[in-house]
């Protein structure tokens, strides 16, 4: 079987790729199916993967010719992770629409044309919610995105659900909490600070938190996110029924709570490297996101959250070689 990861050069795509190569199979319909080829599609080539099963396709995801290079009749599973992040999609409307919406539709059409109904997993976001939200968002809480990124993700959810209803693909959507702690450098996402205020101080660098200390965030670690992606693709479509979207479990933590966890794990000197200068551009986006949602359905489907944000920090330190 060919497995495709769009956004395969990104940090989550690379972590997923490494896990799939290590496993060597996906359990589909109760049977292990060998991953004979792992195709990574992105605008740049991924680094650090030396495996004969890996095939790299670089190009514009919205180009049908590029998609036809990546998706063929042997493609049994597609992880669609590629996206223009929230802050960038807000700053460049046309780019966000082309990558987050047009490319998603083009991917679905390519799968439809092949006619073999592959499993297709889309990642969505807390950004599909907004406005006046209940303290805990439910699975049936109305979508009301307050950013272009959130709108694009919401439309993608509906498209994948309808392509599944029509039998074109076997789709599933995972609404990811904000992923923290991401490795690497800051990006243009409005939520980038949720990793930076932990990652940079641990590296000896000062970091600013652009939101108020009491701002709540719904968080998930990279390890838990990758495990969720695998569980999501392996779920039988019958278990999802006509509700193809799943709100993943997470941790509800305030910005101040994150720094207190950092203080407990790494000490005062590290935590004191965080400054607090609010930025309206970031707050106007992040402030519309839910602080927590009811994940009972996700838990029943086998998805798991992190035990605590202290453990999230420790896991990041271990992965980054910073553990004491």
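Cβ coordinates come from backbone N, Cα and C, glycine included.
Within its own chain, residue 149 (NAD(+) binding site) has 83, 84, 85, 86, 89, 90, 96, 100, 125, 127 as residues 6 or more apart in sequence whose C-beta sits under 8 angstroms from its own. What Swiss-Prot lists as NAD(+) binding site is 125, 149, 153.
Residues or ranges marked as active site, proton acceptor in Swiss-Prot: 149. In the three-state DSSP reading, residue 149 (NAD(+) binding site) counts as helix.
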Under 8 Å by Cβ from residue 153 (NAD(+) binding site), same chain, sequence gap 6 or more: 83, 100, 124, 125, 127, 128, 145
Cβ neighbour count (within 10 Å, all chains shown) around residue 125 (NAD(+) binding site): 26
Three-class DSSP secondary structure - residue 125 (NAD(+) binding site): strand
Additional residues surrounding NAD(+), by Cβ distance to the 125, 149, 153 centre under 8 Å: 83, 86, 89, 100, 124, 126, 127, 128, 145, 147, 150, 151, 152, 154
